[in-house]
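Scroll down for the structure; my scribbles are underneath it.
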Amino acid sequence: MTKEYQDLQHLDNEESDHHQLRKGPPPPQPLLQRLCSGPRLLLLSLGLSLLLLVVVCVIGSQNSQLQEELRGLRETFSNFTASTEAQVKGLSTQGGNVGRKMKSLESQLEKQQKDLSEDHSSLLLHVKQFVSDLRSLSCQMAALQGNGSERTCCPVNWVEHERSCYWFSRSGKAWADADNYCRLEDAHLVVVTSWEEQKFVQHHIGPVNTWMGLHDQNGPWKWVDGTDYETGFKNWRPEQPDDWYGHGLGGGEDCAHFTDDGRWNDDVCQRPYRWVCETELDKASQEPPLL
């Protein structure tokens, strides 16, 4: 029994060897399978781990350098920004100071120009007045040498216009007192006979109530020098003269005066208005005192 089993096993072995010889050598294993088997897989894993570690170290080193460079750039930019802001602020301050200085210089220049213009105007007025006074004095000397028979120029402080001399007061009097003042100067309150004379007088008196030589105290309106009123020049305000009694001063309005716009109005003769004296050039005789 044992021998038979051995024979059978021997036959199986021969059959197996014969079968293997018939099939040929076993096929080679793939490279990946060989690498992943056993110690080779361990070595490959260690190699990859080392490679990854090197890569991580390199990337970390580069990242640290980049962060350091970025930090340096930030500090540089911050310093540059602060420096630029300081410079801009300094320039703004300097610009403001320059602007204020320019404005101050402009104001000083304008003031100097204004003062110079005023000085120039004042100088011209003084020169004009000096020339007028010199001419008047020369005229008066000539009149004295001719025994005062005829005057060819106006006294000092009188203004010549169309062969007449005018004196403009700077204080106020009632109409009758103003009329007496002019008579004492061998003159009369101004008599306006033309639009040209109206403009001349209005220019000198300005917007101030001023007596003229026209009244109706004795009835009809008349000029103090006898000039015909009815046919002569007139420049009344609308609805004037009205001889108004509502002023509460007693009586009506009997004396004429220039108003602030130059037109005429009748008013109470007792009001203290300025006045204008007039005399013909060949009658002017002496200089009145300033009031």
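Backbone N, Cα and C define each Cβ position, glycine as well.
Among the candidates D225, D228, D243, the residue that Swiss-Prot names alongside D216, E253, D254 for the Ca(2+) 2 site is D243. Site annotation (Swiss-Prot, ligand Ca(2+) 1) includes V191, E197; from E106, E110, E278, E280, the additional listed residue is E278. When Swiss-Prot is consulted, the disulfide partner of C182, picked from C36, C57, C277, turns out to be C277.
Within the listed segments 5-8, 133-136, 137-140, Swiss-Prot records motif 'Endocytosis signal' for the stretch 5-8.
For the residues S16, S64, the entry in Swiss-Prot flags phosphoserine at a single position: S16. The number of other Cβ atoms within 10 Å of the Cβ belonging to C255 (disulfide bond), over all protein chains shown, comes to 26. Using N265 (Ca(2+) 3 binding site) as the reference Cα, a 10 A cut-off selects C255 from the recorded positions C182, C255, E278. Averaged across the topological domain 'Cytoplasmic' (1-40), pLDDT for the predicted model comes to 56. A gap of 18 Å separates the Cα atoms of Q240 (Ca(2+) 3 binding site) and V191 (Ca(2+) 1 binding site).
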